[in-house]
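What TrEMBL records for this protein:
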- 24-472: domain 'Amidase' (DOMAIN)
- LYS79: active site, charge relay system (ACT_SITE)
- SER154: active site, charge relay system (ACT_SITE)
- SER178: active site, acyl-ester intermediate (ACT_SITE)
Amino acid sequence: MNLKELTIKQAHELLEKREITFLELTQGFLSEIKKKDKDIHAFLSLSEDEALEAAKKVDDRIAKGEQIEMLAGIPAAVKDNILIRGGKTTAASKILENYIAPYDATVIKKLKEEETVFIGKTNLDEFAMGSSTENSGFGPTKNPVDLERVPGGSSGGSAAAVKAGFCVYALGSDTGGSIRQPASFCGVVGFKPTYGAVSRHGLIAMASSLDQIGPITKTVEDAAIIFEAIRGKDELDSTSVHRDWGDFTKPLDIEELKIGVPREYFTHGLDPEIEKNIKSVISKLEKEGAKIVEISLPHSDWALATYYIIMPAEVSANLTRFDGIKYGYSEISRPTGDHPKGEKLLDIYLKTRQEGFGAEVRRRIMLGTYILSAGYYDAYYKRAQKVRRLIKKDFDFAFENIDVILTPTTPSTAFKFGEKTSDPLSMYLADIYTVSVNLAGVPAISLPSGEVGGLPVGLQLIGKNFDDIKLLQIAKTVETIIKEKNHT
Ligand code: GLN
């Protein structure tokens with residue numbers, strides 16, 4: 001059995017037919033991890049005993065002849081900013097190095113009800129801030145396709161784990177591209193649902209108005225299976241909503257499909273080979289009968305600047321709770337003595353945050369604090385919110401005439417370690433095609449679209465708000481066409 005290719009559906013069928021046991025499957029993945037994760041470093045921690053125990057439980061049910069759910073016994077990896085009760089949850093930050101989650105995130109609770117098996121927590125850029133996992137407090141993850149290159153970020157560990165064959169699927173989080181960009185760099189599928197489709201309860205917050213949890217998988221169908229399992233209204237997240245989502249298995253007529261191609265996404269900065277790749281998929285879709293429409297998203301040029309105002313503002317507010325008193329790491333070792341009253345407490349805050357946070361996190365907290373300070377709030381934050389509104393309107397307007405938007409996921413393929421670390425702005429540009437989606441709240445998915453120079457290329461499809469199922473249906477059609485194209 002090829003663990004690298006194994007999908008949820010295939011695993012479920014093998015297990016139902018009793019061609020393999022859950023225990024064997026889980027052991028298979030764990031032994032792959034032990035053999036190969038020394039080089040890749042996709043995982044920050046493993047939960048071997050719990051995973052084997054959970055797998056045995058499902059085996060017992062099968063032995064009794066009971067019907068099992070689609071996700072029962074399927075081994076999964078989880079980004080280490082999502083809480084699993086009783087296990088370490090670090091967000092790849094030294095400040096949370098020994099933090100034990102006191103409860104399950106809602107997505108975890110839902111997946112546990114389906115008896116999925118969690119085998120470990122994956123690496124990320126500290127607090128999900130970055131595009132390469134180089135900002136992890138515990139060392140970077142390597143791209144399984146080429147160990148000299150980054151896997152993307154911030155959900156780099158999750159994407160690498162799926163690609164390397166360490167699990168059947170993984171969960172990630174996406175604030176500005178963190179599911180789609182690593183999926184693109186590693187050659188797997190990454191889906192960011194509509195804002196509000198999936199509960200954020202138990203996700204360590206980065207920027208609350210942008211964060212969403214979503215799946216990283218090998219196929220679109222698997223992404224749909226996970227989405228169906230984790231979505232829905234949750235009393236513990238007031239931004240989550242109830243919807244009538246529709247049926248993923250309903251067939252889609254490609255001849256009725258109107259695909260928008262935004263001209264702003266095919267200009268300077270895009271690797272010409274990626275452009276060629278994406279355009280050849282577009283012409284294949286056209287040949288199959290889809291209608292291709294050139295569209296404009298006129299405020300795209302301001303998306304990155306807007307994101308880098310709104311996101312750090314929310315980061316600085318969300319991260320105030322890590323002060324050395326409430327959670328994790330604490331710098332309380334300063335000798336007592338001649339400090340006036342009150343100063344010592346401030347010292348604890350300052351030193352804890354200086355020692356506990358990495359450089360990128362500190363940079364964003366400082367930026368955000370500045371943006372929100374009196375006198376600058378109107379000039380920066382308020383203006384950025386207005387531009388955000390315009391970006392959202394661009395999408396609303398475009399979707400009056402089309403079903404889906406097609407773009408590259410990233411302007412380049414996976415870059416080498418260190419290539420962008422000295423220049424944060426060049427790192428931020430890796431998200432140029434993904435951040436608008438979070439600002440507008442719309443759903444988007446990245447699909448593997450062949451290779452350029454031996455490295456995976458990602459194709460992004462963007463859907464209308466809460467049209468997640470239709471987006472996934474379209475993505476499945478595009479996936480089939482890309483696969484056929486690569487074989488001819
Ligand atoms: N790379 C982007 C950033 O650094 C996106 C991060 C994310 O989506 N969590 O902000």
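Positions of Cβ are set from backbone N, Cα and C atoms, glycine also.
The structure displayed is predicted, hence computed values, not measured ones.
Listed active-site residues: LYS79, SER154, SER178. Those with a CB atom under 6 Å from ligand 1: SER154, SER178.
All protein chains considered, the CB of LYS79 (active site, charge relay system) has 31 other CB atoms within 10 Å. In this structure, the CA atom of SER154 (active site, charge relay system) is 5 Å away from the CA atom of SER178 (active site, acyl-ester intermediate).
SER178 (active site, acyl-ester intermediate) sits 11 Å from LYS79 (active site, charge relay system), taking the Cα positions as reference. SER154 (active site, charge relay system) is surrounded by 34 other CB atoms, counting those within 10 A of its CB over all protein chains shown. Reduced to three states, the DSSP call for SER154 (active site, charge relay system) is coil.
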